[in-house]
Amino acid sequence: MDGIIEQKSMLVHSKISDAGKRNGLINTRNLMAESRDGLVSVYPAPQYQSHRVGASTVPASLDSSRSEPMQQLLDPNTLQQSVESRYRPNIILYSEGVLRSWGDGVAADCCETTFIEDRSPTKDSLEYPDGKFIDLSADDIKIHTLSYDVEEEEEFQELESDYSSDTESEDNFLMMPPRDHLGLSVFSMLCCFWPLGIAAFYLSHETNKAVAKGDLHQASTSSRRALFLAVLSITIGTGVYVGVAVALIAYLSKNNHL
């Protein structure tokens with residue numbers, strides 16, 4: 001009877017080992033590691049929760065016949081939680097002695113590299129061609145600034161617009177042909193001081209001839225002279241008329257008293 005039970009247990013172990021050989025992701029030698037407390041599962045991940053290896057595969061009569069201590073079942077869930085409660089996952093822990101020995105061994109093979117930047121002048125220094133620097137204090141640094149108010153800008157725009165309008169009017173006046181002032185000269189000749197009126201009439205006629213020839217300079221000169229003589233003739237004529245009227249009134253007033 002004992003021989004039959006041992007053969008069955010050997011068949012179970014051989015089937016489990018054959019299944020491990022076909023799976024390359026797990027231990028191909030043995031799916032169970034025998035420890036002091038009994039058979040322990042080698043599946044570390046929780047996806048193998050259904051695989052619980054223990055003494056259940058062997059009949060209870062085998063345990064009683066071998067007089068071995070009671071074997072415990074291993075629950076992967078409790079094992080994973082107990083490890084995560086003390087350590088963080090995905091962290092490899094080493095003792096201080098191992099780390100100290102590694103540090104002593106690596107220190108001899110390490111070399112330190114130092115990067116030095118090029119010398120450049122600071123904001124308060126000035127570089128000369130020979131490579132020397134001169135420090136400048138805050139008093140030596142002068143910043144030229146230009147500021148103006150918005151009101152001044154508006155006034156400047158108004159002045160600029162007025163100047164542009166004046167220049168445009170002057171340009172238009174220069175482009176216009178000179179006037180002959182013929183009507184004013186005729187009035188001064190007939191109604192005012194007639195000698196100056198005749199001269200103004202003659203100059204207005206010369207202005208028309210110069211404009212017809214295209215000589216604008218001569219036409220403008222004749223036009224200015226005709227205007228001056230016509231105004232002077234009107235002024236003198238007006239004075240003569242006023243004087244004659246005053247003399248006549250004075251003469252009549254004397255006759256009335258007599």
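Using the three backbone atoms N, Cα and C, a Cβ is placed for every residue, glycine included.
Per Swiss-Prot, these features apply:
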type: TOPO_DOM; residues: 1-181; note: topological domain 'Cytoplasmic'
type: MOD_RES; residues: Ser137; note: phosphoserine
type: TRANSMEM; residues: 182-202; note: transmembrane segment
type: TOPO_DOM; residues: 203-228; note: topological domain 'Extracellular'
type: INTRAMEM; residues: 229-249; note: intramembrane segment
type: TOPO_DOM; residues: 250-258; note: topological domain 'Extracellular'
Quiz item: If you run through the topological domain 'Extracellular' (203-228) with DSSP, how many residues end up as helix, strand and coil?
Solution: 24 helix, 0 strand, 2 coil
Exercise. Six or more residues out from either end of the topological domain 'Extracellular' (203-228), which same-chain residues have a Cβ under 8 Å from its Cβ atoms?
Key: 177-182, 184-185
Quiz prompt | Confidence summary (mean pLDDT) of the topological domain 'Extracellular' (203-228) | solution = 86
Quiz item: Restricting to the same chain and to residues at least six past its boundaries, which positions have a Cβ under 8 Å from a Cβ of the topological domain 'Extracellular' (250-258)?
Solution: none
